[in-house]
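What TrEMBL says about this one:
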TRANSMEM  38-59  transmembrane segment
TRANSMEM  79-101  transmembrane segment
TRANSMEM  138-157  transmembrane segment
TRANSMEM  169-187  transmembrane segment
TRANSMEM  194-212  transmembrane segment
TRANSMEM  218-236  transmembrane segment
Amino acid sequence: LGSAMQQLVSYTADQTVVQRYLTTADEKAAARGIWTNAVLTIPATLIFFGVGTALWAFYKTNPAMLNPTGKSDDIFPWFIAQQLPMGVAGLVIAGLFAAAMSSLDSSLNSMATTITTDFYRWRRPQATDRQCLKLARWLTVALGLFGILSAIIMAVLQSESMWDQYIKVIGLLGGGLAGLFALGIFTRRTTGRGAVVGFLGSAGVLFCVSYFQLVNLLLYAAVGIVGCFVIGYLASRLMPDRRRDLEKGEFRP
């Protein structure tokens, strides 16, 4: 359940994924892409967790080879450095950096594009393409520096597991966004004010859940989605918007 809700967050609120939908010819092509990716996720997940299981079995059998001062996040690079031949280890490390870079650059470009298109162009509709491109480039640099700073802070804080921190961040930040998506898809009476109340309410619920550790971190995304959906729907019924005709230029896809 927790993994399914986390995937729902990625498929609805992650601009890296959403922008891929927009490159397709029509809705049917987008649906085929989603289902194809869902099917391919199964063997990919088995491979990822299979590597972890194999490492656990290896060091369970050979505990003397394990780094006594390392953390759980250090096991995979430790295995690469100590057990693989020199040339193979270099290729594996290069592959890891390449895979990480291919994901990071997509995320940085997506965030820069979202800020430029949804906020900057909205506030300054007269802005030229050249100005928007320049802003997007500087935003990419700023977001990259912010990511580096965040990584340094997490390293200094010596988090127990980077994977756990990743799951927690996805649930805390993305659960409410996926809940907004669910409100827009599955309801017809959701209002703008109700959606905002639902998002803020889910943020408050997630803060309490995280602070008091009420549920496992794998369920943070589920709590955020359900909380935003329920609170947003109830708030929409209690605070209905007045119906009016949209003015020209008010609606933007």
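Each residue, glycine too, has its Cβ placed from N, Cα and C.
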Near the transmembrane segment (194-212), which residues from the same chain, at least 6 beyond its ends, have a CB less than 8 A from one of its CBs?
-> 168, 171-172, 175-177, 179-180, 183-184, 220, 223-225, 227-239
Output the single range from 38-59, 138-157, 218-236 maximising the number of Cβ pairs under 8 Å to the transmembrane segment (169-187).
-> 218-236
What parts of the chain pack near the transmembrane segment (38-59), using Cβ distances under 8 Å and only residues at least 6 beyond its ends?
-> 7, 65-66, 75-76, 79
